[in-house]
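Here's the structure, in structure tokens; my notes come after.
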């Protein structure tokens, strides 16, 4: 039945036990609209069809007034229980409900008689009934509706069992069913088990064993003819939801006379479990041979049952033969049938029109209500499909599991019904737990029914054989796989070759830096240094317009360009030469007066790796905080006194810049040092300036102590730094090498004492000595022009003692020491070996890196200075001419063409080292289109003379960490001279490069506007107009257009006319049509593509 109170044709046919065709014919006679077996009809129409088919016959149902009398030997007897009649909406019934009902035994009622409640009789100790068949009366009795399933909340009270009333009507040759109550059991009705899938409530008696209460009699069983089953208002099954509101259908029932005679031996039943929980829809466990007797009434069949041909069998189908082994005997387990003769079959039914197959239950579950102790299991017929989803009751293969026994084994419709009844979500087979009483099941499955069921189960589980076509084509995928395997073999060879090539490239790690000796290399030598193939170098040169072979020599600019393309910086050999110690400070006469001197330690490393912060931690000062941009841009000299082996020892530290522009400074620092401290950040590793510092230290042949800084920072990895340094042949002591590596933290001050101790140990091995009793010799570390003090130089005394008033010569500069101060700004009278001081009294700013020497008198000093000044002047002129890199012919040609651009600069810086660093960086800027002319470069402040020179030559004054003298700013404002001051070298170089680019003429570039497609051509007089559709962008009037026809450009010029709907417009956007016309082109064709663009100016960039 559908959820809206309607019945489908196929459900009605199953209820009536007829074919769908018979029901459709009956509906057609009654003018009821029903097209097919799945059509739905109302309950009233279903009642009309039932009445017609009941009167008409077909052997389905006897008429209500005159029931058909079956022929002798043709009737099938069935013991039927009285169903508890409390659905969710109970239908009117004859019986009176009781507040707490018990499960009723089937009673034999006279159709016209009313059913009265009666106490349940005591169940007998053990018996199998012998039924006595009585002829049914023509009167009708209304059957109660099938009970509904319980909800999870509370059970619904059920009616009391009906009082049996036996009416005898003798019939010759028919057996009698004799029943005698024996004992009364006292089980407690269990709590109904909720079922989530079925919300409709079911009385507690449904699915529960018959447990009569004391003081109540047990009803007697009744015999109902299978040909006339009782029909409730709505066809329901045991455990299915009740359909409220459906009218009940009266059904004539035969009566029982007498009491049942015990036939089976005692001990064949299974004792009823008391209080066990029942599962709704679980089958009743029947008695088994060899088991203790089951309490309750038993029935005994006396005489031969009567069969009638064409009558409705237990399955509800007319004419269907009775299935052998159907569960019709008490004591037989559900699903296990004893093979008997076909004529001796007896079907036990419930008093419902559509009996349903109960689902299998657990072995320990009690019997269902209405199937009292010792009563026969009702026949299992195929239920109609309910509207709500239900639990499938078909359990193949499980012990005690029931097949759908309403149809014979050879009927395939039984399997089809089983498949249809399963919903896709519930097709998983549920495991049935075998209890202790199921041991005898195996012995009962060997009969005809067991063999038939096993055969059906095996057939249902068997895998179908593969078609011959699939078996024939099975080898084809193997062949295809073999074919693909051959193809992948060639691909594997190519992949292996690529992997080998990649492995070779991985092994040939490109260096971080290369050093070029003598300013030239051959192509093969450059390829070996860069760890690339020589063909890659030749290809790179070819793209630069240079045809070269592997033996061709390349000059320095070409080498730098190629190396820069591969990402490797180039270090010239002369820079490394600057780090070599060329002058021996200790002479032969000093060896008799040598004493130990403090070591000079130079701190080197990459920019921002913490060199100055490490020195601050050693000196307990904050020099790094005062550095512009946080980076060191000049050399600082400091002296630290520490305690070692219970004596005070001194260390002189030189702090060098880490920026790439200060290569010469690092070389000078390395030249005068005794030990190089290489600072490497633990979170950054080895960087280009780190490698450069390593090369400087090796060129100066000084030992290296590695300080792995920033170990407190997240992501630091000292082991990774050691690994990278090992690739540069710096192997740590704990790795089996000879290089001291100390992890430190400059911020937190970790391991600073250990680093100092290691420095002293290394310098003790070097045995550093000097003669303090001679005239001083040393090196100019740094020099600058102080506006108050004049030229100031930082001097490192390497041998002898420098005193106030000494006359010295520093390169071409003559000086007389007027005063000396140390790093703490304390004035000194003298400075011994390895002492760094700032000295005043030079005639001009000396050049950083020059050696100084003290002479006994001023005359000898001036003679030496004069010779050096002449040499320095010649060298300076040569450098200025070389910086031009432009011949007179080239200059005149560029001037005539208007391509010669010059940028004049006047450079003033704080110290000499900064001047040479800036000049070195300017040399590396591209000079093909703009020349940089440095008219003046010197340390010191910007003076009024500098402003006058800049005004006369049109130069820009660039100051670096310096200030302006009095009157210079006023003069600059009056003459309009641009004065720039910087404190970070990055910003200075960027601004100079942008100024050079500003001198270049801007270039014109195309800017795309849109495209249009010519869809029509209109001739207007002698000219033609193209009807276009704008596909992308916009078309602007007076813009440039390019007409494409296929792959050729047929016209390029201005767009003179642009119209839309005969109106002149300035622009047409995407998706609109327009007319395009040009004065110089009229040869338009359909399909032409118009490209619109405009010319815009763009700032040019410097190119190398």
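Keep in mind that glycine also has a Cβ here, set from the backbone N, Cα and C atoms.
On a predicted model such as this, the values are computed, not experimentally measured, just so you know.
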Which residue range, 461-497, 498-534, is the one Swiss-Prot calls region 'Disordered'?
461-497
In Swiss-Prot, one of 697-700, 701-704, 705-708, 709-712 is tagged region 'G4'. Which stretch would that be?
709-712
Could you give the mean pLDDT over the domain 'tr-type G' (596-768), rounded to a whole number?
77
Residue 605 (GTP binding site) in three-state DSSP notation:
strand
Smallest number of other CB atoms within 10 Å: among the binding-site residues 605, 608, 611, 711, that is 608
